[in-house]
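Structure record follows, encoded as structure tokens.
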Amino acid sequence: MGSQMSLFGLHCLKGKEKEEERRIRANNREYNQLHKYATNAIKTSKYNMFSFLPLNLFEQFQRIANAYFLFLLILQVIPAISSLSWFTTVVPLVLVLAVSAAKDGSDDINRHKSDRQVNNRKVKVLLNGELRTEKWMDVQVGDIIKLENNHFVTADLLLLSSSEPLNLVYIETAELDGETNLKVRQALTITGDMGHNLEMLSAFDGELRCEPPNNRLDRFTGTLMFQGQKFSLDNEKVLLRGCTLRNTEWCFGLVIFAGPETKLMQNSGRTTFKRTSIDRMMNALVLCIFVFLVFMCTVLAIGNSIWEQQQGDFTTFLPRQDGVNAAFSGFLTFWSYVIILNTVVPISLYVSVEIIRLGNSFYIDWDRKMYYARSDTPAVARTTTLNEELGQIKYIFSDKTGTLTQNIMTFNKCSINGKCYGDVFDYSGQRLEMTEETEKVDFSYNPLADPKFSFHDHSLVEAVKLENPEVHAFFRLLALCHTAMAEEKTEGELLYQAQSPDEGALVTAARNFGFVFRSRTPETISIVEMGIQRNYELLTILDFNNVRKRMSVIVRSPEGKLSLYCKGADTVVYERLHPSCSKLMEVTTEHLSEFAGDGLRTLALAYKDLDESYFESWRQRHHEASTALDDREDKLDELYEEIEKNMLLLGATGIEDKLQDGVSHTIEQLSRADIKIWVLTGDKQETAENIGYSCNLLREEMSEVFTVAGTSPEEVRQELRTARIKMKPETGEGNVTIEGEGEILGKKSKLVQDEAVNGEYGLVINGHSLAYALDKTMELELLRTACMCKTVICCRVTPLQKAQVVELVKKYKRAVTLAIGDGANDVSMIKAAHIGVGISGQEGMQAVLSSDYSFAQFRYLQRLLLVHGRWSYLRMCKFLCYFFYKNFTFTFVHFWYAFFCGFSAQTVYDEWFITLYNLVYTALPVLGMSLFDQDVNDRWSFQYPQLYVPGQLNMYFSKTIFAKCVLHSGYSSLVVFFIPYAAMYNTVRDNGKDVADYQSFALLAQTCLLIAVCIQLGLDMAYWTAVNQFFVWGSLAVYFAITFAIYSNGIFLIFTSSFPFIGVARNTLNQANVWLTILLTTILCVLPVVAYRFLLMQLRPTINDKVRFKVRQTKASPPPPPRRARIRRTSSRRSGYAFSHAQGYGDLVTSRRFLRRAPVSRSTAFSPTARSPGKFLPTGRSAGYSPTGRQSNLRQDETSLQMYRAVKDPQI
């Protein structure tokens, strides 16, 4: 299907009033057509056969460069001012327009094909009681359609029924949110009863009222009136266009939004077009060049007027036209020289830049060293306009989970009722380091265990087998409190489909320790507890969201006991615990701090027994709130807060999220390149801080790591100011230093000056404090303090805050920013930065779809920047310097010649040389340099990351460098003009005939020019390849071949007026003094450049000069850079866990729908002896351990939860 969001433009309906509420009647086209809802046809193409040429030309001439050259062409067709033939401008202009038109036309043809392909897809529509195959474009709002497995969803649909039990359907939403894991949707019970009965479906006359078309992918609000009843509708009942039906034989749906009104199409806004700083600088320079061009033309026009007045003898044989005096002649001359000198900004410049960027993008796509074989993921340059910007990055903003870490979770440790499990101790009581050789727990006694799961602490298994009530309650909670789906294709082989890796790890842990989540219906959860099948009635799911940071379930046990189970971020859960848990909270908090020292992600677990009468009252109010059309979420949140109080703490979990390969080394390399890395994460402060230490963002040798955790604006301001004064005491209470106004990527802003500090510092700030710090009155204080630090870690930040931090740096720093992430919560940050990089990770592809560059591993970032980025920047800068040099030299020769031709606007070169100079003679050599040149290879680039620093400082191309190019061109043009002029003045041939005719001088000057600029190119090129050799020597050979061809007798006889230089090449280039003049001119052009560069290299060598000298000395590849040894830390910091759930799964499994299919008969899968404590001989430190001192064994009819009580032992 392709990426519909990228191809489908937003189609706006014209002449239609704003829709306040949508009303739809099923199977009633006449009624629905009265509202003039959009059909399902889409149109994303821009042109048709008749509008292509005028519209495309109109768009192209909106570009200043194209309009400028069109203006020149108009001037050239005016005989009174044109001394150049029209083809000198028409040929390059037509070529550029044709290439652009071909590209635009090709893109639009593809859009037409995509439109036709999508609009002509077939779908089964229920019309007049039978299923008919119709095209997508003919589907209308209110139609009932049938989808089959692996079919794309035709339009936004209300799910009516499906082939699966419980009316579930599985969909893939990669086109919408980038997530590749399957999502579950469920139909209402009343519509699900219709099944595949076409008569019932045809008779369905429900009336749907819902929100108008909008772009909210994660939200839908509506109601369905059917058979006198009102049913609430939300996002879990809707299938959106762009989804794909998976693992579902068929389903029926009612069309709600069609075509351009679907949520997919409503989201098809234009992506912001990013441009590089070099682009912006080049635009400014081009404007300066135009001003300079006007200045030169004015000087020459004044010269013409003076000449006309003082030297009028020529009027006897070249009389003026009527009404033309000296002043008017100067006016005409001004426009003539505008035409002649226009080559200071050739149109080929823009074409060459795009070719170079495209080539360097291919290098990224083709780089095998950025290919991740495990997931078959290559690096992709999703844009071709930002390559050189990769060589100028100063600030990197990175997500943590899935970017620095793998986002593959493993259950490592837990704390249950005040006891910590997960560590392994030797006989002396010393904690052992976990290795591959460490003995693992044998779960063979559990046939339903996951063979991939590993755990090392045998004492936890012993506690489970001894039927410790708190341990059983702990794992029972993990087996019940989740939204995972279980799939059992064969007996005993379970596959969990969890919406987050964390939840999957917790459910799998419970499974291995004997509490196996087996299956679920909307009303029940079936688990196997130590070999016994138990069915819990699922009454309510209190769903997770970003504000609650927790989820709860309310279940009724087989014995009829009502219980609420809750898991969530520890601070959130702690606030809702019963006061009797205070002692247990202290112990559990210590364990959480230990988990933080290992960088684990944590959850707190709690439960609560409920009174039956209270719950029935609460349940009624919950139903009313869930069906409310207004403020539904706020009302539900209030009810959730009411019931989640006075819970009892069970313990906490510690899940490991391992670092990706090479993260530490990559961060160290980027730091050596003077790139500052800021981590913006939703994790808690302590977890993020410990990950920062483990990946070398924070280091023990840092002077200090500041923590900002103020709870008021005044506290935050004081903490930031205190940190700043510690780093640089002399700043005192002074205000922020503003350098003045600058331009960063075209946006004017005030710039905050960088402040140097002694030592390296780190800054950690949490999201609550960051909200205050980002206020306009404090943002400069935050920026000033943060920019003094080597590393900044922002914790518990929202996606909006991530973007705000990036925007803050962009606003006040003259620096290029890069944001890298892998999840949907990183999209705003990726779009806000100058360059966005997406990682193909565990959290889906949303970040990749919004990025400029993408790859599979964080470690590839160093190659993207230090190799591809630096080379691209270096090549682009060399290209621009050389391009301006060769064209200014070419143009200045015209300027000098004007003083010797009476300012008559005569050209010094042959017109064909003027036409072919940029298109043929000098095009390929400079492209070869710009595509293949490199100062040192990639291994030396990694060995010396400091080579990256000049790009950050704009040392290779700036206004100063441009001014030097202009001066260099001025000198070369003087040599190219005056040396041949002096050499040919009063000179005769070997036969005594005169040499100094205009055509011979033109040929000599243009030959000297071409050879001089080619040699200059050779001096600029640091890396010669066979392609470069071919381009340089081939261009010179082509020049001489074309010159002899167009100056021959045969071409003159065919096109007499167009090729007047008959015989000049063979008559001039056979003279020895001509070649000596070419040699002398070339030496004088090159000699000062060589001398200047030699002295500069000796007196003030750059880092590039030093490394290249070392390369020449070694003549071999450098040894691999030493890797920093990872330092294992112990920490007492409190840890936290950013819950990675997505909102909306809670109500999915509570629709009160019984199974239509008989479940697969299952055995308990446990041998009776596995549960019998009499046959189990415990060993180890936890044998017989019971924190409450109660009997470990349980009666068969008594649950662990019933025996659990609040901890009151003062020793704990």
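Sequential numbering from 1, following the chain as shown.
Glycine too: its Cβ is placed from the backbone N, Cα and C atoms.
For the domain 'P-type ATPase N-terminal' (24-90), the predicted model reports an average pLDDT of 80. Annotation source TrEMBL lists domain 'P-type ATPase N-terminal' at 24-90.
According to TrEMBL, the transmembrane segment annotation covers 84-102 (among others).
Marked as transmembrane segment by TrEMBL: 284-307 (among others).
Sequence-distant contacts of the transmembrane segment (327-351), counting only residues of its own chain at least 6 positions beyond either end whose CB sits under 8 Å from a CB of the stretch, comprise 65-66, 68-69, 72, 75-76, 78, 80-84, 89, 92-93, 95-96, 99, 286, 289-290, 292-294, 296-298, 300-302, 304-305, 308, 320, 883, 887-888, 890-891, 894-895, 898, 903-905, 907, 914, 917-919, 923. The annotation transmembrane segment is assigned in TrEMBL to 327-351 (among others).
The active site, 4-aspartylphosphate intermediate annotation in TrEMBL covers ASP399.
Summarising the annotation, TrEMBL assigns domain 'P-type ATPase C-terminal' to 848-1102.
If you look at the transmembrane segment (879-900), the same-chain residues 6 or more away from its ends with a CB under 8 A from one of its CBs are 278, 282, 296, 300, 303, 337, 340-341, 343-346, 349, 352-353, 356, 906-909, 917-918, 922, 926, 929-930, 956-957, 961-962, 965-966, 968-970, 972-974, 976-978, 981, 1005, 1009, 1012-1013, 1016-1017, 1020. Summarising the annotation, TrEMBL assigns transmembrane segment to 879-900 (among others).
Per TrEMBL, transmembrane segment is recorded for 912-932 (among others). Panel annotation: around the transmembrane segment (912-932), residues 84, 87-88, 91-92, 95, 343, 346, 348, 352, 355-356, 359-360, 875-876, 878-879, 882-883, 886-887, 890, 1002, 1006, 1010, 1013-1014, 1017, 1020-1021, 1023, 1025, 1027-1028, 1031-1032, 1034-1035, 1038-1039, 1042-1043, 1046, 1059 of the same chain, lying at least six beyond its termini, place a Cβ under 8 Å from a Cβ of the stretch.
As annotated by TrEMBL, transmembrane segment applies to 961-983 (among others).
For 1003-1024 (among others), the entry in TrEMBL reads transmembrane segment.
Annotated transmembrane segment per TrEMBL: 1036-1062 (among others), in sequence order.
Taken from TrEMBL, the feature transmembrane segment applies to 1074-1096 (among others).
Annotated region 'Disordered' per TrEMBL: 1110-1135 (among others), in sequence order.
Sequence annotations record features per position, and here TrEMBL assigns compositional bias 'Basic residues' to 1123-1132.
Here TrEMBL flags 1162-1212 (among others) as region 'Disordered'.
Taken from TrEMBL, the feature compositional bias 'Polar residues' applies to 1188-1202.
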Original post:
Excluding the flanking five residues on each side, which residues at least 6 beyond the ends of the transmembrane segment (961-983) place their CB within less than 8 Å of a CB in that stretch?
Top reply: 285, 877, 881, 884-893, 895-897, 900, 908, 1001, 1004-1005, 1008-1009, 1012, 1016, 1073, 1076-1077, 1080-1081, 1084-1085, 1088-1089
Original post:
Short question: which residues 6 or more past the ends of the transmembrane segment (1003-1024) have a Cβ under 8 Å from it?
Top reply: 878, 881-882, 885-886, 889-890, 893, 908-910, 913, 917, 921-922, 925-926, 929, 932-935, 972, 975-977, 979-980, 983-984, 1032, 1035-1036, 1039, 1043, 1047, 1061, 1064-1065, 1068-1069, 1074, 1077-1078, 1081-1082, 1085-1086, 1089-1090, 1093, 1108
Subject >> Helix, strand and coil totals (DSSP H, G, I; E, B; other) for the domain 'P-type ATPase N-terminal' (24-90) >> reply: 31 helix, 2 strand, 34 coil
Original post:
ASP399 (active site, 4-aspartylphosphate intermediate) has how many other Cβ neighbours within 10 Å of its own Cβ?
Top reply: 29
